[in-house]
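A.B. asks: If you scroll down you'll find the structure; I have some questions about it.
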Amino acid sequence: MKPTETLQEKGKLFLVVMMPILITQIGLYAMNFFDTVMSGQAGANDLAGVAIGSSLWVPVFTGLNGVLLALTPIIAQSIGAEKRDDVPYVFLQGLYLSIAISIAVILIGAVVLDPILSAMSLEDEVGRIAKEYLIGLAFGIVPLFIYTTIRCLIDSLGETRVTMFITLLSLPINIFFNYVLIFGKLGFPRLGGVGAGYASAITYWFILAVAIVVVVKVRPFTDFQLFKKLYHVSLKKWKEILLLGLPIGFTIFFETSIFAAVTLLMSTFDTATIAAHQAAVNFASFLYMIPLSIAFTLTIAVGYEVGAKRVEDARQYSRLGITFALIMGLVAGVIIYVLRAPVASLYTNDSQVAWLIQQFLIYSIFFQLSDALATPIQGVLRGHKDVNVPFVMALVSFWIIGLPTGYLLANFSPLGPYGYWIGLITGLASCAIALSWRLKQMQRKFERAARLSQNGNS
């Protein structure tokens with residue numbers, strides 16, 4: 001980041017920072033996208049099984065990934081304070097924490113997976129595929145979380161294009177192993193949807209290997225000599241990471257887990273409905289990478305201006321990012337409506353499932369618009385280091401308002417499964433309204449603080 005004078009300069013810099021982030025996010029999500037699409041081509045049971053497995057895994061990963069994202073500002077502040085010697089220490093503590101988290105996830109998953117699946121009203125084949133898909137995926141959990149730590153280091157140095165390169169390099173690897181393992185090509189067994197789990201695990205090991213080579217062999221990362229000294233575990237540093245990361249992680253978890261909860265509650269419906277719901281959520285979430293990338297960029301830009309106490313510049317970046325997100329949300333809504341039939345055909349050859357996908361996609365237009373407002377505002381608030389109140393707002397909006405509304409409509413009205421989607425829309429809209437109020441409050445607080453600082457210096 002650098003100081004800018006005009007709105008045009010801000011717009012150009014915003015896009016320069018955002019585009020590598022957007023490509024990276026789309027690439028990462030594309031792996032889940034191709035898991036779903038290619039599993040759907042193997043059969044409705046495979047699509048439903050992967051849907052259930054993903055619904056259990058994605059909230060866990062995104063929430064814990066959010067915790068580790070706290071490393072980015074911690075490392076960035078060390079560099080900004082010219083404490084470059086602290087970077088290897090902070091990085092290794094994050095690395096140790098990521099390994100501890102991944103081992104805990106595997107152990108807890110081994111204990112609770114069977115009871116969770118048994119408690120769901122799943123067809124036997126769907127339950128088997130979901131379980132074996134997650135077992136396959138588990139082989140890649142450790143490298144995935146270690147890579148997250150390395151990515152935080154890379155991004156904190158502003159080298160977002162490196163992350164983009166690694167992601168784009170890994171995508172064809174994921175597609176290749178999906179193809180050979182799901183459909184049994186090149187002498188591999190035909191695993192169906194289960195193969196998508198093993199393909200993801202292989203890809204995660206590949207990503208980690210490339211990332212390690214980059215930070216060990218390529219400047220500016222080599223300047224830090226990250227692995228020259230292996231420090232002991234510091235619970236004090238872990239506490240610092242967790243105090244900042246847990247509110248971020250829980251906020252992300254509450255938003256992503258609401259979709260997972262709806263998918264799990266939909267297990268009372270038939271396999272076609274489960275499969276169609278997951279396909280629609282998958283495509284809508286793919287488009288969600290746009291406001292998410294805008295949010296990440298806003299955190300960087302607004303945080304930079306807040307640190308420099310430039311009130312109007314921070315406000316301009318906020319308006320710029322939120323307006324851009326709303327425009328892209330409208331564009332995404334039009335794309336979903338116009339292309340809902342071709343999109344449905346990407347996921348399945350089953351006419352009943354394809355018809356249901358199209359119906360769900362129409363509902364997804366409305367929560368796409370809510371996300372276009374709520375998500376960038378979250379990015380702005382993180383730029384202000386405001387994480388605790390948005391966490392509470394997310395909890396109330398999604399779990400106290402959204403999910404109960406969806407459950408009541410789905411089970412006590414003629415809407416059936418569509419009731420859950422109305423609940424999702426209600427929760428997201430509530431969160432967007434609450435966050436808008438919080439943003440105005442934080443901007444007024446920042447203006448007062450900056451004014452007092454100027455008066456004190458004059």
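Placement of Cβ uses the backbone N, Cα and C atoms for every residue, glycine included.
Below are the features I grabbed from Swiss-Prot:
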- 14-34: transmembrane segment (TRANSMEM)
- 56-76: transmembrane segment (TRANSMEM)
- 97-117: transmembrane segment (TRANSMEM)
- 134-154: transmembrane segment (TRANSMEM)
- 164-184: transmembrane segment (TRANSMEM)
- 196-216: transmembrane segment (TRANSMEM)
- 241-261: transmembrane segment (TRANSMEM)
- 283-303: transmembrane segment (TRANSMEM)
- 320-340: transmembrane segment (TRANSMEM)
- 353-373: transmembrane segment (TRANSMEM)
- 389-409: transmembrane segment (TRANSMEM)
- 415-435: transmembrane segment (TRANSMEM)
A.B. asks: Any chance the transmembrane segment (353-373) and the transmembrane segment (283-303) have 3 or more Cβ pairs under 8 A, given the pairs are 6 or more apart in sequence?
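C.D. replies: When sequence-distant Cβ pairs are counted, the transmembrane segment (283-303) touches the transmembrane segment (353-373), since at least 3 lie under 8 Å.
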A.B. asks: Near the transmembrane segment (14-34), which same-chain residues lie under 8 Å Cβ to Cβ, leaving out any that are not at least 6 residues past its ends?
C.D. replies: 1, 54, 58, 160-161, 163-164, 167-168, 170-171, 174-175, 178, 200, 203, 282-283, 285-286, 289-290, 292-294, 296-297, 300-301, 317, 320-321, 324
A.B. asks: When each of 97-117, 241-261, 320-340 is checked against the transmembrane segment (134-154) for Cβ pairs under 8 Å, which one has the most?
C.D. replies: 97-117
A.B. asks: Among 164-184, 241-261, 283-303, 320-340, which stretch has the most Cβ pairs under 8 Å to the transmembrane segment (415-435)?
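C.D. replies: If we count Cβ pairs closer than 8 Å to the transmembrane segment (415-435), 241-261 scores highest.
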